[in-house]
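Copied over from TrEMBL:
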type	residues	note
DOMAIN	441-491	domain 'Kazal-like'
TRANSMEM	27-51	transmembrane segment
TRANSMEM	63-84	transmembrane segment
TRANSMEM	91-113	transmembrane segment
TRANSMEM	169-189	transmembrane segment
TRANSMEM	210-232	transmembrane segment
TRANSMEM	252-272	transmembrane segment
TRANSMEM	333-352	transmembrane segment
TRANSMEM	372-392	transmembrane segment
TRANSMEM	404-424	transmembrane segment
TRANSMEM	523-547	transmembrane segment
TRANSMEM	559-584	transmembrane segment
TRANSMEM	611-634	transmembrane segment
């Protein structure tokens, strides 16, 4: 067996592994790895709001941090160029190793800085009698009650750490490393699979691997649910429940699990050969085609040397790199197809990166619970879309134009879905002192003007009888603490009008946490619409990928994939989170301020948040539909399934068999003396 077709590495090729050097084994490992990669992507999305609260990060800054993933993808395009003609499984393994390191780096901020002052202040261990006495005297703000004494802001080293730039740089660096692994995984893995299987099987295999990768986000949502329902420091006992917006889950725990898992997959991928095993018949044919001459006897030394020389001659060089780039960029159909994807990704980036925040703001869910229903339902739609389209395309093989026109229909459905999301919300949400008409905040009223609430941190309380939410117990004018979560003697409680129109004083007790609305019905409707849209949306993606493969020369296929990733990263994945993060910040009404630094947003204008996000996404989607129409028009005559190649190969194969037969007859004929 050829060394390039053996499983193993470092010169060790165990016999027990050689039967695994098949396309089925690679697709299984590659697909499962995609599951873990997708888990990592979703886990950062699910834990994003927890990271923002822990390190006081505005959404716009979060978008910049997440762009580190895409910046490194641009810089790693050279790796795709060289890896495409090298040992692709080992190049992919290097990328997966980078992903494993990035996960462990992402857990470092917790190891270095711990859970933070705010999280510690909300635990029983730190709420001892002396702290409680300080709170009642107005000297601390852990339990912020009304006090006539001034409360100086504490800006010690621990307080400044919460707004430090160092944790943000660590998260950015981890995303930067992750981008290298993502580029190698997607840029080389799919082309390796396509080159080692029959072209007619590619749609079905792509559908299978896409579906398997789509299972990853579902598991990522589950992992996020489990980890974020554990308090950020599992050894402590919090005094608030998981529905309180100040709750911080163990966001760091999932990264350790994902990092170890990816390291294992990196080792498995490194053992796959440069080329997967083929049948003896296919090997002779490929050998004949690669050398363009009548083959010598199998196993011939001359033949082996010539094959090695041929392989080296096609290795990429820096001299050819600019020519290759120009050839790809001048491919009009490819670039239009890529820019179609750019606007669809831009449209989807609001939900790709901020779905957890969107659900928290619109439907009052907790970080872990918000995505545990919507996530799996949406992903079920994606799996169905990938599988059904892969099977249908593989069986019926529609020509390019009908297949790509389906993408236009899908894009229009996605556009109308975004418009529908503008009207799926849960009330407007109110806080006492906020004027939603003027978007101005007046949190000082005659009932709390002497309470010195200016420096009190966001710690919402609810008056159950009137469903009124206050920024804190101090803003409610409360002067006593009943227990860990209840406050009394509150002077700012609204009066209740009795049936006889006689004003009566309501109960003057408030409890920790904002008042909750019943948002289950609109939340489920949002989840169902998302599922339907994703079934349609994913049914059109395989056609786009096939077009990227078939509209370029075979030698440019790997680099074309890399350039597609580069363009999408440069024009969609990098600016997308920043654009939508800025839009979200523009709707913020209550900011966290620590040591005169503005941190994360605690309360948004819910209606404006929903309108601005979905209207922007719908407009971007409409531009994507326009590009799809042009691609559909120009796609006439494109062979998406390699049928022409198969015909040519059969013709040459017949010649191979005849030549081999003649060679065998000559070898067996009696030699003349």
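A Cβ is built for glycine as well, from the same backbone N, Cα and C atoms used for every other residue.
Where the annotation comes from TrEMBL, it is an automatic prediction and has not been curated.
Three or more CB pairs closer than 8 A are found between the transmembrane segment (333-352) and the transmembrane segment (611-634), so contact between the two stretches is assigned (pairs 6 or more residues apart). When Cβ distances are compared across the two stretches, the transmembrane segment (523-547) makes no contact with the transmembrane segment (27-51), since fewer than 3 pairs at least 6 residues apart fall below 8 angstroms.
Secondary structure of the domain 'Kazal-like' (441-491) per DSSP, as helix, strand and coil residue counts: 0 helix, 18 strand, 33 coil. The recorded stretches the transmembrane segment (559-584) and the transmembrane segment (169-189) share 3+ CB pairs below 8 A when only pairs 6 or more apart in sequence are counted, and are therefore in contact. Same-chain neighbours of the transmembrane segment (252-272): 7-9, 17, 21, 25-26, 29-30, 32-33, 36-37, 39-40, 43, 47, 89-90, 92-94, 96-97, 99-104, 106-107, 109-111, 181, 223-224, 227, 230, 232, counting only residues six or more beyond its ends whose CB sits under 8 Å from a CB of the stretch. Scored on C-beta pairs under 8 angstroms, the neighbour of the transmembrane segment (27-51) with the top count among 91-113, 169-189, 210-232, 372-392, 404-424 is 210-232. Between the transmembrane segment (372-392) and the stretches 91-113, 210-232, 404-424, the greatest number of Cβ pairs separated by less than 8 Å involves 210-232.
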